Structures are given as C-alpha cells and as structure tokens.
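Colleague: Next up is a structure, given as structure tokens.
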Amino acid sequence: MLKNPSVKYRAFAPVPLSDRQWPSKTITKPPIWMSTDLRDGNQALFEPMNAERKLRMFEMLVKIGFKEIEAGFPSASDTDFGFIRKLVEEGRVPDDVHIEVLTQARPELIARTMESLKGAKNAIVHVYNATAPNFREVVFQQGKQGVKAIATESARQIKEIAATQPETNWTFQYSPEVFSGTELDFAKEVVDAVTEIWEAGPERKVVINLPATVEMATPNIYADQIEWMHRNLERRDGIILSVHPHNDRGTAVAAAELAIMAGADRVEGCLFGNGERTGNVDLVTLALNLYSQGIDPGLDFAQINEIARTAEYCTQLPIHPRHPYVGDLVFTAFSGSHQDAIKKGLAAYKAGDIWQVPYLPLDPKDLGRTYESIIRVNSQSGKGGVSYLLEAEYDLRLPRRLQVEFSSAVQRVTDDTGKEVRAADIWRIFEEEYLTRAEPIEYLSHSLYDESGKQGVKIRIRRFGKEEELSGSGNGPIDAAMDALKLGVELRHYEEHSIGSGTDAKAVAFMEVADPEHPGDLFGVGIDANIITASFKAMLSAANRAAARRPKSEWARLCGGAE
C-alpha cells in the first residue's frame, strides 16, 4: 500500500446541496422491490444457473412476493432468451407480476429484446448506456452529445417497437449506467431527454434507475445525488425513481436506505447480496430492517431457512454464517453474559408485547427459526467445544446447522446433571439422538436397480414393528428412497464425508429435513461402510426424530404405513 494514497486516488467531490432534506426524513413504507437475481445475480456466478435452477429461483421470488422480476438479458444469451420465452409461452408469470429484461442501447439488441417479450401480459424493458466521464472518454471515446444521442435513439426505438406489440402492458426503464460517477447536470440532461420521448406522466409512468454501478463514496453522498435528481428532474410526477446500489465499499444497504429517504421509490437488488464483484444490495436485509422497525416490507420471509437453502442451491454459493438475519450463527449466543440476558428477555416476553429481547433485533420465530438454537455451549468452559471433540476423537465433522442443533441436546444433559461432559459422553448423546432411534421406522436392507433411465430401489424396513419391502424410483438413490417411503418430510440439504481411512473407513451422511407441521428444520444422521446405506439411515433418522416431536397418534401420517 502507498504511504500517500492521495497521489493515486481522489476523494469524491461533495454534492452542492446545502439545503438537503433527507437527513430529517424517516422511512414509513417499503419501496417497490425489483429482484435482479436472475440477471445481475446470475451473470456474476462461477456457473450461471441452468433452466431448472432459474425456474426454481423465479418461482421462489414470486412466492416471496416480488411483483417485478428481472428475468434475464435476452439479447446477450440464447439461454436467457429461451428462458424468457418459456416463462411467457407457458404462462408462468402471474398476472400481477411484471417480467423485466435488460438491453444495451444498441438497435439490433433492442429488437431482439423486444422479440423475447412477445405475448407477455406485463413487461418492463430496461435500456441502459454508460454516462460517466471515464466511460465516455476511455471506453466509448464519445462526447456528451454522442452519449445522449445513444440514449434518445434507443428510447425512440423502444417506443416504436412497443406500439407494434399492443397486447403487452409496457413499462419503459432507463438507466444512466455509472450514474454515481456521472456529473449530475449531465445525468439530468440525458434523463430529461429520454422521459420527453417516452411522454412520461402520471398516467404513463416510466422507471428512471440511478445505479451506483460501482460504489464510489459514502452513503450520504449517494443520498445527496438522489435527492438532487429527485428535486430537479422534469416530469417527476411521471417517474418512478429507482436505485441500484452495489456493495463495493460495503455500505449498499445504508446507501439504499438513505436513497429512499432522499426520494427513491424503488430498489433493485438480489437476495442475500448476490451480484457482480462484492454484490448488489441485499434485499433480504433491507426488507427485514424495515420489518424490525414495525413496517410491513410486503415480502414474505417467514420461512427464511427454506429460502436460504433454495438460494444456495440455485446460485451454488454459500451464505455466510454471520449474514444478517439468515446466517446460521446470527441467532446464536456463545458469551455467557449474552446467554443470560437472552434467557431473561425471553422469559419476560409475552405474546403481543413489543419485542425487547436483548441481543435479538427481531423474533427468530417470525422467520421460521426456533429458540432452541439461540443458547448453546461453545467451548465446554474453555476445554474444547462439542463439535471440536467429536471431530478430534471420532473424525465426525458436523455441518454448521447440525452443530447448533446438537449442542442443544448436550446442553440439556449438562443442565440436568450439572456435570462436565467428556468426549465419550458427547458421543453417547450423539448416538442416542441420531444413530440408534428405531421408532417408528428401522432400516433393514436395500437393493438398487435401473428402471427406464431412472434409479430404482427396493428397501426393507421395520415399521411399527412389522417388516415391509417398498419400491420406488427417482433421479438417484435418495430420490428413489423418498419415493418409496412416502415420508411426510421435505429434504432441505444433504452432505456426506468419510470417517477414517483404508479398509476400516466408513461414511457418514447428514440429511436436513423440514416437517411442514413444525417450525424449524432438523437433521438425521447415518453411518455405514456403504454411503448409500448411510444415506438411507440418515433419512430414517430424520423421520424418527421428526416423529418424536409429535404424539404417537400422528406417527402414521408422518412416516407412512399404519400402526
């Protein structure tokens, strides 16, 4: 690093806005939310989503409550074009959802983009071109008027093509890319020219999106830029003012919140902050920040674990255990004083009261999470944690969420006995909790076979004391076994690893499932010399543990068969 960074880097100039109003404003309602997980988020992945993952992400976004979803960049990719056609032609876009597509400001790309939306009921066509000096001068070698002409010619072309597709309810959107690095008077000049062509008005609103394509300054600077545009743009009553913050400086959430205070009506971003470089603004954090202040965000995150696991599956990116609201450790206290304060706060809280539990900004139950994982041991009074001892003594590496779950079982034992637990005690607790449960279902044996290109399985079990042989098929052994057993749980996550090495090696399988009738996911564990057998044992372990939370009268409904 340089001793004097000022010789290489320049401080961002403040905005001349001496009478700024945003510092005295408060947020009282949610913005319009636009998810760009399928476009900006997808293009930033090591391996972009395939059609199956894209569709799963789209359906989840709809379920959460997004009414505007940017589904792709159809002129840049045949895959994106085909996916958008699939959504339109198969009627997968609900009537109250606007599908959005992005295009560069080039005639042939605009034409291809508009073609992708033929037959759509509600569509947003989003065109952009870079307006910042370094892009004008270095990348495009254009003057201001040349850049402005690109924007206006594109706006005119979009308007003309839209008139030939009257079956679609169109919304036009323009972004001066790298707005945060563009001179404000020039950004206004370009935007005003575009909104004039589109005849923006109260009955014909357009979206003007002001992106921090690269986050260049502190959030207050971005707020000043947004307020300046909010106060100076022509045809403001015909504009939905949108922001698209990136997280290069780590303050995208704050920038978005201050931008809303400064006059923004709409926010574009991704679940859990996915996106180019350091990511887009995290819409989950933004929404739950509002929720924790008593404002309904209009998005449903009541099953945050399911949403997180689906996002991880679709993006193939892990969510950090410290991620706000959703990370595996955010509702977990390791400090003894924190544990004591939380216990007392939970004991004092009564349903209907204002939430004031120390260290917990909102009630985990509101997100479908449970209190059991909040208080946990972490280091056996400084002599090594539960998970450390299991790994050190038994070569068992528990997934993070299972560490949280199992530590509660250990805590119950230490609370009951008041004694220190050693590695052998922890292993005994683990066996009893996960490995030796045989009610109501016990694994006996299985065989695999091919069935019309799918995996078939015959699995022998003892259920409610009676031996049975069941058959099923699926995309793999686990899917086939789930088909055969007809268990009333949903698979959330699966992982495995080996224990030991050489001829004595075994496999351990961890299966995380959800019981639709009980909040909070739970794990099953199986250990065997054969990995498939270990997987089946883990499946039944999870089902038996789910059954243990229910009265016996409900076991048949959960585990199939008849008592």
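Positions of Cβ are set from backbone N, Cα and C atoms, glycine also.
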Colleague: Using only what Swiss-Prot says about Mg(2+) binding by Asp40, His244, His246, identify which of Asn4, Asn280, Asn289 is listed for that site too.
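Modeller: Swiss-Prot lists Asp40, His244, His246 binding Mg(2+), and from Asn4, Asn280, Asn289 it also lists Asn280.
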Colleague: Return the residues near Asn280 (Mg(2+) binding site) by Cβ distance under 8 Å, restricted to its own chain and a separation of at least 6 in sequence.
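Modeller: Within the chain, Asn280 (Mg(2+) binding site) has Cβ neighbours under 8 Å at Thr36, Asp40, Gly41, His244, Pro245, His246, Asn247, Ala252, Glu268, Gly269, Cys270, Gly273, Asn274.
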Colleague: For Mg(2+), what surrounds Asp40, His244, His246, Asn280 with a Cβ no more than 8 Å from their Cβ centroid?
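Modeller: These residues sit around the Mg(2+) site: Thr36, Pro211, Ala212, Thr213, Pro245, Ala252, Glu268, Gly269, Cys270, Gly275, Glu276, Gly279, Val281.
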Colleague: Quick one: average pLDDT across the domain 'Pyruvate carboxyltransferase' (31-305), no decimals.
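Modeller: Mean pLDDT across the domain 'Pyruvate carboxyltransferase' (31-305) comes out at 97.
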Colleague: Would you say which of the binding-site residues His244, His246 has the most Cβ atoms within 10 Å of its own Cβ?
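Modeller: Of the binding-site residues His244, His246, the highest Cβ count within 10 Å belongs to His244.
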